[in-house]
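According to Swiss-Prot, the features are:
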type     : residues : note
ACT_SITE : 114      : active site, schiff-base intermediate with substrate
MOD_RES  : 114      : pyruvic acid (Ser)
ACT_SITE : 119      : active site, proton acceptor
ACT_SITE : 142      : active site, proton donor
């Protein structure tokens with residue numbers, strides 16, 4: 001991350017930095033049984049235990065200390081994981097709810113600001129045969145910890161067809177002279193922090209609001225191999241016309257999600 005000239009702050013760095021992902025995995029399944037199997041498969045692939053491991057690794061990468069972990073698998077499908085984090089290591093006495101109801105103020109300062117969470121949403125539609133899996137991830141920190149340090153790791157771990165990313169810096173912090181600072185590092189695009197291999201894999205477009213410190217990037221996987229999008233279907237068993245139909249169906253679905261609107265054809 002490119003930092004601005006080093007500042008001497010008055011007190012704690014109160015800037016809140018939030019990195020939000022919305023990732024999509026798309027496939028085609030031509031029977032009800034196949035669609036149900038896909039939902040079960042993807043639900044297991046992204047179960048709460050695996051997601052917890054990914055988020056704990058994320059904490060390690062950004063240098064955050066774990067305060068508390070909550071994870072849950074839902075019926076019939078879906079999972080959630082939430083991890084509360086802080087900048088400095090905490091002794092158990094400071095975060096123990098049974099410690100005469102005395103909780104360190106530094107812990108309270110982080111409970112509403114510094115967290116990492118993920119929620120999953122598998123779904124399908126019987127008429128089209130399209131199945132989608134969506135996961136929402138948010139890494140929100142305050143202090144010197146930057147969620148952008150985990151950007152490449154999370155993209156690689158989730159291996160998605162479509163990704164929308166938003167990075168926001170909120171609030172302000174003061175230096176020792178009382179001057180407010182609304183951001184503490186240079187950025188003009190989330191793409192600045194992506195590795196070259198990720199940039200080569202995706203087509204990307206930015207929608208940024210610089211004056212509000214809001215940065216938005218949409219990503220669409222460049223390589224389209226129909227075989228990778230068929231669930232319980234052998235590509236060799238499909239007629240040319242059927243292959244063409246499925247490719248158009250998948251392409252339309254992916255473009256609609258990428259652009260965030262319905263496309264008539």
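Here the Cβ of each residue, glycine as well, is placed from N, Cα and C on the backbone.
Note that this is a predicted model, so its numbers are computed, not measured.
Sequence features annotated in Swiss-Prot and their locations in the structure.
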residue: 114; record: active site, schiff-base intermediate with substrate; DSSP class: coil
residue: 119; record: active site, proton acceptor; DSSP class: strand
residue: 142; record: active site, proton donor; DSSP class: strand
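Residue 114 (active site, schiff-base intermediate with substrate) sits 6 Å from residue 142 (active site, proton donor), counting Cα to Cα. There are 17 other CB atoms within 10 A of the CB of the residue listed as 'active site, proton acceptor', with all protein chains counted. Counting every protein chain shown, the Cβ of residue 114 (active site, schiff-base intermediate with substrate) has 24 other Cβ atoms within 10 Å. There are 23 other Cβ atoms within 10 Å of the Cβ belonging to residue 142 (active site, proton donor). Taking only the Cα positions, the spacing between residue 142 (active site, proton donor) and the residue listed as 'active site, proton acceptor' is 22 angstrom.
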